[in-house]
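Let me begin by presenting the structure, written as structure tokens, before commenting on it.
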Amino acid sequence: MGRLRAFLLFSGTLAVISTVHADFNCSQAPDSDMVQTCHMLQEWDSAARKAIRKRQAFNAGAPGVQGFSPSNPPRFAPSAQGCMNIACICPYMGGRMANGCILPNGQPYLMAYRKEYRMMSDNERQRWHNALIQLKRSGEYDRLSVMHRQVGSASGAHSGPGFLVWHREYMKRMEIALRMIDPGISMPYWDSVLESYLPDPRDSIMFGPQFMGMTDASGQLVSGPFAGFRTLEGRPNIIRRMATEGKMFTEQNINNLMAQNDLVSVMAFTAPQGGCPFRPYFGALEYTHASIHLWMGGDMKPPSTSANDPVFFLHHTFVDFIWEMWRQNHQNRFARENQYPPDIAACANSQHFSYAQMRPWDKINRDGLSNAYTDNLYHYAPRPTCNRNNANCGSQYLFCDTRGNPHCVAKVKPGGLCRGFEGLDSCYMGTCVAGWCRGGQQFQQPAQTTAVATVQQPQQQPQQQQPQQQRPATTPQSNCYNEDPCCNQWSRQNECRTNTVYMNRYCRKSCGLCQSNDNNRGCHDRHISCAYWRGQNFCTRRRQWMAENCQATCGWCNMNEAQLCASVARQSRRVRRNAKFWLTEPDADDFVDDFMLDYGR
């Protein structure tokens, strides 16, 4: 009953809030970029509120259940990308658990170690590029990009506290997808503060052919590893229109955020309505990160197209890193997993509420607070630094500006503007002469040093590139499932045609909406991770899904399909239906589903 107590306690807390500020206006933003960002966030929030009302107009019910049905659980679609620890991921990799996960080639599967993009070795960077290209060719990159497009302007992913938790889960899923191709790589982050010191960040090595590539006069990405990436909209190349608006992250942005002690200044209400007792903090990550989207322009500007550009994932990995730095500095372990801004409809649409579903996944927003992300799956390499005693940033693509407070800066690509950095090693493969990078190698940066020797991927990791062994473990069987043992029976009763909304969501296999290679008959497991899910008590907590897909592991081989439908699944629905209760918030159905998921089955 922990969640219910927390909900009731929180409801009482909301009742004592009495100080209400005047209506918020975007003209209060500190500059034109923030004004534009503010208006966009408000537009997306308005669209989200309309979408909630539209969704409430019709709630699909299971066959035989009229109207709103508490028997409708959130979608449960287990996959490697949904895992929260290595033990869960290991079977998808074809590995075995023996003092950790051992891959088929004998190498261990380790936590990801996320480095700044320029701090990767050339080999690491090339392998990451290759994995991303393979992901694009397979169609999985586009499938993940579609997820962001679908939540771009009417969801809990933008315009409120859900922004950080949603994108944390999203970055995790992209990283796991890439590691299914090459288990030894990790998602890099782009510390755009390194560009903020340059007279023209467009001339950074970041936008050279070795990294994110270069654009032509029309803004099309025509060089670099991702040239020729067709967009979701069908354009032959990614579009960038850099530096017409917006700006890079600055060290001051990060310092300002780190100085905040109040959670709602970080997981902020960025599109409040009249009556919200919290004023927006324009130094919040959702605001400041948007300036980089504006600066990149083109596909990166609107959420509907931003994931077309791989730079999106590097940028948001850095956003996640900044958030994690704040968490480590201001919260203990308990607080990190339990502190979430209050659920106030005037401050954020209900898709941002702590117990609202993190659409489109089988999670709730507060799940994104879990320490498991950085305990089990990934951790961050420190940001590049230097000092007067060691003016080496640890990368041939960065240099140390020792004037004033020493700090690392991105090198300028050949022919780029380096004004103000004459006499420093500011040019990649060249020298800064009269404000421009000229050919030549006057400065020789040492090879990578101990600044990056803390990488926890051992030297043998390059041998782990075995996509042919990894991919078949997931691709054929991870997506096509029914979510209820009654699906086949309902399909025979023509429910796929007469109850399409429900059946298309929960009975995709029986309705022929996907293809499965599971042709086995009799009592068996359809999913590769049934043993793991049983260990998580899912035979009790997810009875319907497990009865359909993990019958053998859950010990239900003494029942045929009709008996499973009549007893296991319907018993679960009957308990949920008897415990049904109503809330007043627009996403009450999501809260009911998630509450009952843990306590009603």
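Placed from the backbone N, Cα and C atoms, the Cβ positions cover glycine too.
Residues or ranges marked as Cu cation B binding site by Swiss-Prot: HIS289, HIS293, HIS316. Under a cutoff of 8 A between CB atoms, and with a sequence separation of 6+ in the same chain, the neighbours of HIS289 (Cu cation B binding site) are PHE249, HIS315, HIS316, VAL319.
If you look up Swiss-Prot, you'll see CYS480-CYS514 (among others) marked as disulfide bond, on the strength of sequence analysis. Non-local contacts of CYS480 (disulfide bond) by the CB criterion (under 8 A, 6+ apart in sequence, same chain) comprise ARG508, LYS509, CYS514, GLN515, SER516.
According to Swiss-Prot, the disulfide bond annotation covers CYS487-CYS507 (among others). Under DSSP, CYS507 (disulfide bond) is assigned to a strand (E or B) in the three-state scheme.
Annotation for CYS511 (disulfide bond): same-chain Cβ neighbours under 8 Å, separated by at least 6 residues, are CYS487, SER491, CYS496, MET503, ASN504. What Swiss-Prot lists as disulfide bond is CYS496-CYS511 (among others).
The disulfide bond feature in Swiss-Prot is assigned to CYS523-CYS557 (among others). In the three-state DSSP reading, CYS523 (disulfide bond) counts as coil.
Marked as disulfide bond by Swiss-Prot on the basis of sequence analysis: CYS530-CYS550 (among others). Note on CYS530 (disulfide bond): other Cβ atoms within 10 Å of its Cβ, all shown chains, come to 22.
In the three-state DSSP assignment, the secondary structure recorded for CYS539 (disulfide bond) is helix. Counting every protein chain shown, the Cβ of CYS539 (disulfide bond) has 21 other Cβ atoms within 10 Å. What Swiss-Prot records for CYS539-CYS554 (among others) is disulfide bond.
If you look up Swiss-Prot, you'll see 480-514 marked as domain 'ShKT 1', on the strength of sequence analysis. Secondary structure of the domain 'ShKT 1' (480-514), assigned with DSSP and counted as helix (H, G, I), strand (E, B) and coil, comes to 17 helix, 2 strand, 16 coil.
Taken from Swiss-Prot, the feature N-linked glycosylation site covers ASN25, and the record attributes it to sequence analysis. Neighbour count (other Cβ atoms within 10 Å of the Cβ, all protein chains): 10 for ASN25 (N-linked glycosylation site). The secondary structure of ASN25 (N-linked glycosylation site), as reduced to three states from DSSP, is coil rather than helix or strand.
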Mapped DSSP class for CYS554 (disulfide bond), helix or strand or coil
coil
Of the recorded positions listed here (HIS293, CYS507, CYS530), which is spatially closest to ASN25 (N-linked glycosylation site) when Cα positions are compared?
HIS293
Extra residues within 8 Å (Cβ to Cβ centroid of HIS289, HIS293, HIS316), Cu cation B:
ALA290, ILE292, SER306, PHE312, HIS315, VAL319
Considering Cα atoms only, can you say which of CYS523, CYS530, CYS539, CYS550, CYS557 is the nearest neighbour of HIS293 (Cu cation B binding site) among these disulfide-bonded residues?
CYS530
Work out how many Å separate CYS507 (disulfide bond) and CYS557 (disulfide bond) at their Cα atoms, rounded off.
21
Cα-Cα, whole number of Å: CYS530 (disulfide bond) versus CYS554 (disulfide bond)?
8
Ranked by the number of other Cβ atoms within 10 Å of their own Cβ, which of the disulfide-bonded residues CYS487, CYS496, CYS514, CYS557 ranks first?
CYS487
Quick check for you: of the disulfide-bonded residues CYS523, CYS550, CYS557, which have their Cα within 10 Å of the Cα of CYS539 (disulfide bond)?
CYS550
